[in-house]
């Protein structure tokens, strides 16, 4: 958009128009206002002026910055054959400054040298990446060779096992053959012995020779069998040892292969810059790789042969370059860590079976079940071996997590100690000081009871140091009186706005703050409700006020809330100006009003008192000027002063939760100046003032003493009547607010009336007490507390009002869920439920009642409580009967012949037996007959027969008093 005037050009430059006018005048361009036209020549003059003022002689550009980015890719494949791409990105930034012609040649030479250096750097880095890829390829080739070697060893092992098995079978066959041969020899010997016995005489010498030879053969056979068994046993032991050795080697090789695969799959760190080009190192031979094959705890297997790569900034390496002998320098089995391996791989390490590495290079979990934890790092830091005894300052209350943090241990350790002490706790559970100190001592530290750090003391110190000039301020006037006496209408005439028409039912239910400018000065008015329910609001109004205007209707006189307003004013020591309203009515009687006020201790000036009485009419405007004159006169007498150039202090008049704006508070500034952007503290709420509106809804940047404003930006809805303080920083405000929240947490929990064991026992002792649970949501804080107090006053010994929850804002789903759990009725005072809450309430059958007049809410709750009362039982005497004769009837009992002397007797009635006018029995009629016929009722003057249930001691002359019990509904 073209800028044709000063205002548009300032908006385009995003600067205040006043500053732009000053710069134009300094440049010699005469512009008087924001609407003056602005030409291109004027803009050029302004630009030249600004350049000269900032030291620029001409508009030529003498510096230019060039940025260049070069990206290259390197492809490689890992051990699994999966292709991976490594991207190398080089960024260059060059700034050229125009100098004299003499230095241009040298500058060009330096630029060419720098570009040549960059090209050499790029080539060197590409060479490093290529060498890394070659190294990875060599490792993959080495892995394949190891796998082939393992396969060959496995085949050799199987062949040896088969040969051993064949040898064992052959030995068994030989042993069996030898045993068979021995048996045959023994049979031959037996036969020969028999033959020898037959030919003993002729062949004695021959048989002796044969016997000696057989014994020698048997000895030889036993020796051979023993040797064969020993050989078979040795072969089996050797085979088992070889199998165990092969199994161990296979497991070690598999663990190493798994570690190499993890190493290959781990993302590498990008190469940034090396200190000097690495020297090519030959990879280790497979035969010499004993450390990696037999000690599987080594993570990489070729870490000593890898070139060092510089880590990113902030991670200082142990050495800038790892030569071939770097692994021997640390004297650790298995060599050192690879320089290119990232921190995650270092932390993981390699998990192996057993502890074959001697527990040296095992990472964090080297041994079984985490034994021998330590980290093999190249840094020189050594963890302390002795326990550190700390001095722990324990506050009055501390959570388990905070206590563990103070001792620099995990919260689980504190929970373990508490469990050993027999107490089950969670990480967020709060411990008292005594328990926390016992836990600290149990863990071997020194516990010191910390002093209570009360941040409230900072506020007192801040007040003591504040010293500002006291300047006059406008008076704060509170309009008080009985309901419907015309307070708001009177203020409405003063403000010339229709406020009373906007209140539901024509009665004020909110406290309003307005300031009015008169010819003699500014007056701030606080309009308070007159209904009896709003006692707390009137008390807050009297607390913040300087002068009270007591409005009394001339036709109504002094009423209960008028007396209460007088009591509030006297308690606060505030002067009273009496406005006798409605003098335009024919039935007005100002003299009677004066007499009634004198009886209450408010004496008019004409009677020698100190309270001016002004007759006014809010309808016609009569006496309004005199009323303002008297108010300002009282203010002059009081000499009201307050510091202006100081941090603001005030009081929360009203607070509410707006759906679009969040927490909104109406604040009356009592001293200092409140600016937009200040950090305020109101009770347990804090925040920065995001927006500030006056009573008419217009934005304002600041508010001085006695000025009411509406602020936004608080963390929560503050309580009405809370003191508002401006603090220098938000951190201190948050600290004090959290301290106050923790300090009053017990009070807040007590208000929720949780079902504790003690309260349950009390209710059991009280008997059956009906409860009416309610959830109250109001538009502002004052209305909410007024409604709560009014409903709580309705409680009786039989029916009790239970406020489950009360808050400011609309009715939400959480409120409906709470009502479902507590079986409560939701009351919305000038608020509504959103769509989700209404739908949930309909599905759960929750009753939501909306009110905008406090009368209606109180009356309906009162009616509901009346319906919960037990009905009252009343006795109504319906007749009197005289016994004339008594009959004894078998199987029935005594039957009295009676005469109805008064009223009527019904069969369903109850009866009292009177003898000599003394009640001797109370019961029910069992039968009612007339001439042997059962009848429902007998009227006066007729005879009848009657029998009383469970009573036979009837004599002549007794009287029966017949009555009925009726239930009557009770009301509160």
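Keep in mind that glycine also has a Cβ here, set from the backbone N, Cα and C atoms.
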| When Swiss-Prot marks a stretch as region 'G1', which of 481-488, 489-496, 497-504, 513-520 is it? | 481-488
| field | Segment assigned the feature region 'G2' in Swiss-Prot (from 466-470, 471-475, 476-480, 506-510) | value | 506-510
| field | For the binding-site residues 484, 487, the one whose C-beta sees the most other C-beta atoms within 10 angstroms | value | 487
| note | Sequence-distant residues near the region 'G4' (581-584) by C-beta distance (under 8 Å, 6 or more away from its ends) are 485-486, 490, 551-556, 590, 615-620, 622-623
| task | Pull the DSSP breakdown for the compositional bias 'Basic and acidic residues' (121-177) and write it out as helix, strand, coil residue counts. | result | 57 helix, 0 strand, 0 coil
| task | Around the Cβ of residue 583 (GTP binding site), how many other Cβ atoms lie within 10 Å? Please give the count over every shown protein chain. | result | 19
| note | Secondary structure split (DSSP) over the region 'G4' (581-584) reads 0 helix, 1 strand, 3 coil
| query | If you run the three-state DSSP split on residue 481 (GTP binding site), which class comes out? | reply | strand
| remark: Within 10 angstroms of the C-beta of residue 481 (GTP binding site), the count of other C-beta atoms across all shown chains comes to 29
